[in-house]
Amino acid sequence: MIRDTKAVDSESGFLPVSGMEDGVVDGGENVQYLFPGVQVVEVKELHVTNPQQRKDCDASSSFSSMGSDGSADFNAKLEECQERAAWGGKLEFMLTMIGYAVGLGNVWRFPYLCYKNGGGAFLLPYCIMLAVVGLPLFYMELALGQYASLGPITIWRLNPLMKGLGYSMVIVSWLIGLYYNVVIAHVLYYLYSSFTSVLPWTTCDNDWNTKHCLIPTDSQYMKNETINATLENTTTSSPQLNFTRTPSEEYYRFNVLSQNDSIDEFGTIQWHLALSLFIAWLLVFLVLMKGIKSLGKVVYFTAIFPYIMLTVLFIRGVTLPGAGTGIAYYLKPDFERLLDPRVWSDAATQIFYSLSACSGGLIAMASYNNFNNNCYRDSLIVCFINCGTSIFAGLVIFSVLGFMALEKGVGIEDVADDGPGLAFVVYPEALSRMPVSPMWAVFFFIMMATLGFGSEFSIIECVLSAIGDEFPILRKERKYNIAFRAIFCTVAFLLGLPMICNGGIFLLNLVDYSVGGFPLLVVGLVELITINWVYGYSKFADNISMMLGHQPGKYWYICWRYGSALVIAITIIMNIAMYKEPDLDDVLYPEWAKSLGWLIAMFPIVVIPAWFLYKYCRIGGFELMKDGMKPLPTWGPISKSKQRQYADVETNEDKRLPNPAFARLMGSNMSNATTVTECSPASSTLNLIRSKNLSESDF
């Protein structure tokens, strides 16, 4: 139906059509709208029952982004808006984001970095990096995902040549999800082992214990320290005699992990961990089987329960003897450490690790938001809760470490450890010394499991939603979606099996070391440049203004355009200059393992330029390069007589022709005929797609 153009609505730019209200056509007909003086555009029926969601769909399908031939693009936007899921409520989104950002790293990584890098003084560079890098990236990614309602891969319709950035994010999330669930499997095994009257890591008379096992209590521990000191000063002492291990250390190394001495001795699968890993992936599948609809319900438990347990453990920890000494050690500022550039590098890296920025998850979770959701406020709330949780978890951890140091008669630096050692060696030993220790162990490992799953669910949903956006059939057909998620979790379980072999802990540590550093920093730098320089800060600010009703302030302009990128670039340079080879328990990796680590680190990074070159060549860049490598018409002898005698026939012909590759790349209608034809103006993107027979899905 075509109507008089004089009746066009001045606000919407469309002809009013009877029977339509809020974008829904009565009877489900297809109706044609007319742009004033341009063309007829066909709009498909939009089935949206929720009024708020219908409003958001209308807003997100703004015609301001369409070209003169925008019907297909508009219908695609409506189809995506119709099929894409949404959060059940504001609280679901906030709890999911908190569970995603707050994970196991808040319990062991931040407290260790804090006391290693100057105690309370480390909070200064940490807060500065949060303000300059962490918060701007967090806000930017939430705004980006919410504006386009697309996953981390498909969202790079913003810049098709940089779509490799989306693939890089998803690869990082996928690698993190693989080893993260292995750590959760360790937690589940500890949880199961805690349901006993006597914790198994409290004695030295088990099958897995060695002659070096010694219960570190009272005079026995002090006597052993004296013996070891004496043996170390003698020339006849054996290296196998002058050390001891606690029961919790031997339980973790020789029972849970059955750990070999190096990654070269890889060994076989530990079936008790394989069962735990299977249960972990089964829970991930069951929670994510229906996407965010099921995830949004689970987070009510996984995001809230850890705070209840942290509070309970904090109250218990501060009542233990020596707790004050531990907390003082944790917070005591050593401002001289601030002169060490590695402290600032650690602070910047920890911000990426802690906030889960640049791994695609923030974009994926925000893409299910209402279009007008206040993502600015959400960013501030989640970031401050996450960093506050890290500091609070440090108080809990070091109150117990102070107690352990007093019990052992050693300094806190001798009981503190980094990574899994803090969660699976130090803390279980502290739990074993508390009254009713099995109960406290059950509480602690339930807390660890919920912290882990809270992040793991969001990490894997990021990967699944990104793939689903690339292949819409996985979203349209429920049976395909469930089958795809089941296959993905099964494959991920199989890929995690090498990390639970005898030497698997070395592989897990290598993957963690490789993924958590350079890839996230590089992705963050390229993302900032692409959005704020290539796409343009002004356009991005207008996008935010459409959602929130106001543009970002000067602070965000300075951070997004200059500050954040500069700090990340400096951090990358510092990490290269101060590179430290990976190790585990002071055991260095062999050369082949170091090479594997670099391959893992470079895998997500290389995808960015690889996709750029592939897409550039596919749309005509390769032909343009070949044409640009031909000699210019002016090439030849300087003498005109020699030019006529030795003229390059092909070069002379090229003089009369326009550059066909350049014409295709720039989207012009230049003819490829042997004579110059008239050029007619057209949309560069549209003609580019037509000239290469591409569709929008190719981008």
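These residue numbers are counts, starting from 1, taken along the chain as shown.
Each Cβ is built from the backbone N, Cα and C atoms, and glycine gets one as well.
Predicted automatically and left uncurated, TrEMBL annotations should be read as such.
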Checklist entry - Do you know which of CYS127, CYS213 TrEMBL records in a disulfide with CYS204? => result CYS213
Next on the checklist: Check the transmembrane segment (596-614) against the transmembrane segment (123-144) for contact, please; criterion is three or more CB pairs under 8 Å, pairs 6 or more apart in sequence.
Outcome noted: no
Item to check | Rounded inter-Cα distance in Å - CYS204 (disulfide bond), ALA101 (Na(+) binding site) | outcome: 38
Item to check | Chain residues in Cβ proximity to the transmembrane segment (440-467) (below 8 Å; excluding those fewer than six residues from its ends, i.e. six or more beyond) | outcome: 96-104, 106-107, 151-154, 166, 169-170, 173-174, 176-177, 180-181, 183-184, 187-188, 190-191, 194-195, 199, 280, 283-284, 287-288, 291-292, 295, 298-299, 301-303, 305-306, 309-310, 312-313, 316, 356, 359-361, 363-365, 367, 423, 427-428, 431-432, 434, 474, 484-485, 488-489, 492
Next on the checklist: Quick test of the contact rule: Cβ under 8 Å, at least six residues beyond the ends. What residues does that give for the transmembrane segment (517-535)?
Outcome noted: 133, 137, 140-141, 144, 158-159, 162, 165, 168-169, 172, 348-349, 352-353, 357-359, 560-561, 564-565, 568-569, 571-572, 575, 601, 604-605, 608
Next on the checklist: Need a quick answer: max count of Cβ pairs under 8 Å to the transmembrane segment (165-192), which of 93-111, 300-331, 380-406, 487-511 is it?
Outcome noted: 487-511
Checklist outcome for this item: For the transmembrane segment (351-368), out of 93-111, 269-288, 300-331, 487-511, 555-576, most C-beta pairs under 8 A are with 93-111
